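Here is what Swiss-Prot says about this protein:
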type	residues	note
BINDING	C35	heme c binding site
BINDING	H86, H187	heme b 2 binding site
BINDING	H100, H202	heme b 1 binding site
TRANSMEM	32-52	transmembrane segment
TRANSMEM	90-110	transmembrane segment
TRANSMEM	116-136	transmembrane segment
TRANSMEM	186-206	transmembrane segment
Amino acid sequence: MSRVYDWFEERLEIQAIADDVSSKYVPPHVNIFYCLGGITFTCFIIQVATGFAMTFYYRPTVTEAFLSVKYIMNEVNFGWLIRSIHRWSASMMVLMMILHVCRVYLTGGFKKPRELTWVTGIILAILTVSFGVTGYSLPWDQVGYWAVKIVTGVPEAIPLIGNFIVELLRGSVSVGQSTLTRFYSLHTFVLPLLTATFMLGHFLMIRKQGISGPL
């Protein structure tokens with residue numbers, strides 16, 4: 001085993017990377033509330049894992065979506081547990097994200113030179129809420145259907161471009177298969193990709209600039 005490690009160590013300098021990570025200075029004022037961002041990230045990882053597992057059985061069609069969710073809950077081994085963890089983790093992710101944003105704001109973590117870190121954080125907050133909106137519709141039950149109809153109908157009040165935005169979100173004039181397909185694509189591909197990208201940038205900036213000092 002040591003020979004395998006030595007082979008990778010010689011080429012990648014793993015120990016140097018580990019030493020750099022473990023030796024990063026942590027200010028003395030840091031407390032448990034500074035862990036909220038890390039908890040949010042952990043929830044995201046859980047979401048990716050459980051969501052990926054459910055894609056093997058979920059069918060994004062208006063006729064089969066609800067039945068496939070029912071199948072996951074009642075027939076798939078531990079399917080009820082996987083979906084329940086996905087739902088609980090989603091709620092926890094939103095809660096931790098809100099608390100994290102409040103903590104950063106109240107401790108002045110958005111001030112110079114961390115403005116871009118704050119901006120990427122707000123974008124991540126918007127993406128997190130978008131996960132909730134798109135995921136809520138995927139079972140395509142009565143609650144999900146009417147939630148989508150209301151949410152996608154909100155932009156209609158915008159002058160000139162309102163109707164265009166509504167049709168862009170729904171895929172047609174009314175809510176239907178095109179809407180479910182778009183929300184499924186957003187929830188399982190577009191939003192995770194954007195979130196992972198902005199998280200990487202967010203973490204790199206935190207790593208570069210360090211944790212903000214006390215007020």
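Cβ from N, Cα, C; glycine included.
Away from its own ends, the transmembrane segment (186-206) comes close to residues 41, 44, 48, 51, 55, 114, 116-117, 120-121, 123-124, 127-128, 130-131, 134-135, 138 of its chain (Cβ-Cβ under 8 Å, at least six residues beyond either end). On the backbone, the CA of H202 (heme b 1 binding site) and the CA of H86 (heme b 2 binding site) stand 24 Å apart. H100 (heme b 1 binding site) sits 23 Å from H187 (heme b 2 binding site), counting Cα to Cα. Rounded to a whole number, the distance between the Cα atoms of C35 (heme c binding site) and H187 (heme b 2 binding site) is 26 Å.
In this structure the alpha carbons, written CA, of C35 (heme c binding site) and H86 (heme b 2 binding site) are 21 Å apart. For H100 (heme b 1 binding site), the number of other Cβ atoms no farther than 10 Å from its own Cβ, over all displayed protein chains, is 23.
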